[in-house]
2 protein chains.
Amino acid sequence: MASSSSLTLSQAVFSPSLPRHGSSSSSSPSLSFSTFSGLKSTHFTSSHRRILPSTTVTKQQFTVRASAAVETLEKTDAAIVEKSVNTIRFLAIDAVEKANSGHPGLPMGCAPMGHILYDEVMKYNPKNPYWFNRDRFVLSAGHGCMLQYALLHLAGYDSVQEDDLKSFRQWGSRIPGHPENFETPGVEVTTGPLGQGIANAVGLAVAEKHLAARFNKPDAEIVDHYTYVILGDGCQMEGISNEVCSLAGHWGLGKLIAFYDDNHISIDGDTEIAFTEDVSARFESLGWHVIWVKNGNTGYDEIRAAIKEAKAVKDKPTMIKVTTTIGFGSPNKANSYSVHGSALGAKEVEATRNNLGWPYEPFHVPEDVKSHWSRHTPEGAALETEWNAKFAEYEKKYAEEAADLKSIITGELPAGWEKALPTYTPESPADATRNLSQQNLNALAKVLPGFLGGSADLASSNMTLLKMFGDFQKNTPEERNLRFGVREHGMGAICNGIALHSLGLIPYCATFFVFTDYMRGAMRISALSEAGVIYVMTHDSIGLGEDGPTHQPIEHLASFRAMPNILMFRPADGNETAGAYKVAVLKRKTPSILALSRQKLPQLAGTSIEGAAKGGYIVSDNSSGNKPDVILIGTGSELEIAVKAAEELKKEGKTVRVVSFVCWELYDEQSAEYKESVLPSSVTARVSIEAGSTFGWQKFVGDKGKAIGIDGFGASAPADKIYKEFGITAEAVVAAAKQVS
Amino acid sequence: MASSSSLTLSQAVFSPSLPRHGSSSSSSPSLSFSTFSGLKSTHFTSSHRRILPSTTVTKQQFTVRASAAVETLEKTDAAIVEKSVNTIRFLAIDAVEKANSGHPGLPMGCAPMGHILYDEVMKYNPKNPYWFNRDRFVLSAGHGCMLQYALLHLAGYDSVQEDDLKSFRQWGSRIPGHPENFETPGVEVTTGPLGQGIANAVGLAVAEKHLAARFNKPDAEIVDHYTYVILGDGCQMEGISNEVCSLAGHWGLGKLIAFYDDNHISIDGDTEIAFTEDVSARFESLGWHVIWVKNGNTGYDEIRAAIKEAKAVKDKPTMIKVTTTIGFGSPNKANSYSVHGSALGAKEVEATRNNLGWPYEPFHVPEDVKSHWSRHTPEGAALETEWNAKFAEYEKKYAEEAADLKSIITGELPAGWEKALPTYTPESPADATRNLSQQNLNALAKVLPGFLGGSADLASSNMTLLKMFGDFQKNTPEERNLRFGVREHGMGAICNGIALHSLGLIPYCATFFVFTDYMRGAMRISALSEAGVIYVMTHDSIGLGEDGPTHQPIEHLASFRAMPNILMFRPADGNETAGAYKVAVLKRKTPSILALSRQKLPQLAGTSIEGAAKGGYIVSDNSSGNKPDVILIGTGSELEIAVKAAEELKKEGKTVRVVSFVCWELYDEQSAEYKESVLPSSVTARVSIEAGSTFGWQKFVGDKGKAIGIDGFGASAPADKIYKEFGITAEAVVAAAKQVS
């Protein structure tokens, strides 16, 4: 049933975000795929193929575009291009002016390249922004978002209508102050924090290259799209962009095409004051093909030729340096920082209208421009329809591959996948949770077709190698072990791009837990943009020993527990590690962090996957009536210590409950009844132990309880010695329990 | 009194750290300079000038070295060099072997360049590691710390004696698992997290270039040293290193010489798997002079020639790519990742001893090697003595400059400096704390000779320009406004280097508060390495408005409150901003973060510099007997809301105390009595309000109180609207107060 299977694929869309303002937007651990509402009226089944567009584009031209994946760069009448470009400029000017907030400079300068991309080059279906095989576009210079909103509006995306443009940057608007994938269908990733976008784009291009290598056949190029990105001077200065561009060159991402908006202006003025390196030479050193378009303001043919050249270079990513004038068209503010981040002001808007010969009212799109762009709706629908038919053919010939690809596209996990998770008994050998994690990773990779990932040059310490796969490299992109090198920040942001490429791509990435400090920018974007990346963070405490305080996390657990929409797991043993992975895989719109031990830990009695999924649960208890003398709470490697302390206290006749708090956020989601069953309000004698900051623990131990932890930096010595010297011991727990009970 | 003034300068040392394990090492807000204990017996007053060394070095040679600042690279007998280099290798091998933990590979490969630097090139005084005009050395590849420890040992530093080498990586050792400036005199900065060291080195070189430009005279080159750094492939891959090397090239830091240990091996194996860029070409694109030493294993003369060439290039930093063999000398493990991070093992140690012809016991330094290195003690003392005399001359001729430089060297702040801080009354105009911050910055720069800083391309938003100074640039290095470009991580780490260059250099740096996520790696090193950087973080909440959730901090206050040894300030108005700056300037061994508003705030009644310095204090209260009906706690922009809510509640007859919690860490340091006077334990009706995560607030509001905050992401809209929609209002406080009281 080709058409119905195509339909399923087309409907595989990211569910729009629930209202998320003001509260943590954690979702329940199950997947939901809502159908994009705009799909019904515009979706083309295979019976509707070859619908003619209503514009002046001829059937023949159109067929070429649809079937040859826009490989020819067609020239359109120069006048309409110019008019279209000015429409983009004034939509941006007008929206920023109405909001009295925003960044008009970039859209005014980048309108020509934006126009060429969306009108002449990219393949997309405006009525289904989630069509799988679309070209991806990322505005890494996210502050210039009005450029993208204007383009989405002209291209026919339902998400950006005229009323939306008028509500730019207002409460409840669908077009916020920076591009947000979870607010605006058609926006692929969330940008604004500079450098994230180019990194996401590398991730999108990695996903395409990987899937193309795995699924394309000589007779069926089923995965085939480009990733385009516009980045500015700010992105270029950020270290993360050098990290990811070095990897893009190394991996030979030939279908990644980056436009560098070289306008010589940043917020503080001319880039001369802080940025005088030779960017083109740097990119060449990183293994990129580099082209310079000297006149980005009006050199349309130069831009077109550059894209054509970029596409011809298949073994390298291309950077097209496009020299533009920021705020092009503004007679008094162009080429100055004053046009970067503020509305032009009524007077200068007027002057710019005069200067560019723009007689229209604010937000007006001239009819001929509208008409010119209107072909993208039928054209995009036809592109998708054609691809659907191709996929139906593919499915017939390559059933197994098609099933895997479908799972990756839709995010529907293979039935029974969770049975692959290992379980443990107290008799199972003691092991470090980093090793137990590796057992889980390898088990999951066998059953989840979209599971892939790697480490920032610590694979053998983080224990993250998938043993049945080789390395994803330039010439082996079908493999699933990613080698990120020592580039944590880039790694996290690349994984965001991979996760947001397809619902069923589940990327994990790894480093030492303390080095989350290097990639926190990307991790926050995972949380905000609902990218379900799994962060495998080993060496999670002073328990790593001799490497010392530079490598020993202290405040990191607390710092992530405070971050919205991210799950901070600290499993104590094998069952809890498996439980953490189970939730992490299910939560496709919430990233997860697993803090894992370097040192061996016993498999504890009473731990379970189900318990871990509740975040906090009772591991052992010798009391009755929900009224133990004391409650001992532990996480990770310290749960063992809590268990030992409980044994001591029990010997002395106390009733003791031991609670594992593997994930605070999941516990917070449980019902009041459940919480009362774990931490009864009448029992105020509570002691927590965790080899990290005590910050935040008062929430669970209460005014009368005691939190044992480490509120200074660690030390360089063997782990056992540090634990003893820092008082992270069963003796300390016993003493505290006696104090509080 | 030339000699006594010199003495004061020589004694200007960083006080060794107090024991800091297991507790937050916050010091009281006053400066203390302890004298380096090794100084007494070895310090040379001017009467001891020209002491002859006891080694074979002739007087003439020695005089050349001391007076010409080691401009000639002397060759020593090749055999003793080789033996010395092998001594370094085996000290590293033996220490790692004894600890059964550590990284022998780098020291074995880098021993030749290490030897040449410490024995032939660098000027330093081993008996006063804090001598101001010493050359600085940074091991950016900090895991190879045994290289530096071995060199310090041979050079005669008291901090690394034979017993220390034998206690490597053990509890209480003076030589921890990575180089830590606060543990090991002779180590300049704290490295290990990759990329930090090269960034610190850029900061050290900035400090030198700035001070030299400000204080050198045609007849007195009083500031004149090089900064050397060794970095590896790992450092090169990190984005931060590209950020800072781009700046180093831009600034033309001619006295920065970086050795790139090009050994082709990282933890995961050959660098081919993730790092194939052309590093030399990249550095050329960044404006560096690049030299390639092809044989770093035995090419001593090549290394010497490269250094000579590097010194001759005065307008560019130099990168010397030195191709080495990791684990050089180990017959079975050299040139493999297995020698990177583990002890060789007894068998391979034996094989290496045989291979390199090393018949000695572990930790043995042959007598001729000892004798060869022994000249550095008298030579270093003479260098310092000579400089002291030079400074005495300088002081006579240039009294004003000498006073400023002395303050910068010793960290002794000019008397009465704090009187420059502005104060405000409730009648003072309402203003954003970012603007009030600028008043403070400009006031401080006038009275503090070592005060300098800048922003990551947001000077006009962060309000950080020092109006009486120009920009620190290649040709105007005497100026004090640093233009970091959009390079937050590099900025923080450069400031660490500046702060650790001289006790009286007080660097500040600025960006939006949310972008601390980009530089958290450097900020944690500020805290750990006791670098008193001032972080000026504006746009501190949803109050920034339209830029939306990518730009709105939520969890950031909590995340820094949980970090050891860093002060997280959130001042509410002008007086509190001044109070925060007062403490931040005084706390030279604890970095401070100021979270500042974009929006205008009123000057509140009851706020004060003194109150702010206590961290938490009563702003208003209409109760008596320390028993208000309810306590309202606010920080920053929400203190105003708490005050408004109090007014409402008072109208209804309640007694209400308003408490400002401008800095939790300072409050935690106060006496129990003081805390009881602010938050009496009998008053459990407490409400806190802060436009950020409620995480951690339970500590102050208690089990029965209520914390008002934001536990999800923000939104893009005008600030007033967001505050209202998120319930950060006086009405919400009033309602909560009624609930809890």
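Using N, Cα and C of the backbone, Cβ positions are placed for all residues, glycine too.
Record note: TrEMBL gives A:His103, A:His340, A:Arg434, A:His539, A:Asp547, A:His551, A:Arg598 as substrate-binding, and the candidate from A:Ser407, A:Ser460, A:Ser461, A:Ser624 in that site is A:Ser461. Checking the candidates A:Asp233, A:Asp278 against TrEMBL: the one annotated together with A:Asn263, A:Ile265 at the Mg(2+) site is A:Asp233.
Proximity to chain B, taken as a Cβ less than 8 Å from one of its Cβ atoms, holds for A:Phe515 among the binding-site residues A:Asn263, A:Ile265, A:His340, A:Phe515. In the three-state DSSP scheme, A:Ile265 (Mg(2+) binding site) falls into the strand class. If you take the CA of A:Glu488 (active site, proton donor) and look 10 A around it, the binding-site residues you hit from A:Pro193, A:Asp233, A:Asn263, A:Phe515 are A:Phe515.
The local packing around A:His143 (thiamine diphosphate binding site), expressed as other Cβ atoms within 10 Å of its Cβ over all shown chains, amounts to 26. Cα of A:Ile265 (Mg(2+) binding site) to Cα of A:His143 (thiamine diphosphate binding site): a distance of 14 Å. A distance of 5 Å separates the Cα atom of A:His340 (thiamine diphosphate binding site) from that of A:His103 (site 'Important for catalytic activity'). Ranking the binding-site residues A:Leu194, A:Ile265 by how many other Cβ atoms lie within 10 angstroms of each Cβ puts A:Ile265 at the bottom.
If you measure from the Cα atom of A:Gly234 (thiamine diphosphate binding site) to that of A:His103 (site 'Important for catalytic activity'), you get 14 Å. Under DSSP, A:Gly192 (thiamine diphosphate binding site) is assigned to coil, being neither helix nor strand in the three-state scheme.
In this structure, the recorded positions A:Asp233, A:Glu488 were compared by how many other Cβ atoms lie within 10 Å of their Cβ, and the smallest count belongs to A:Asp233. Here the Cβ of A:Asn263 (thiamine diphosphate binding site) has 28 other Cβ atoms within 10 Å, regardless of which shown protein chain they belong to.
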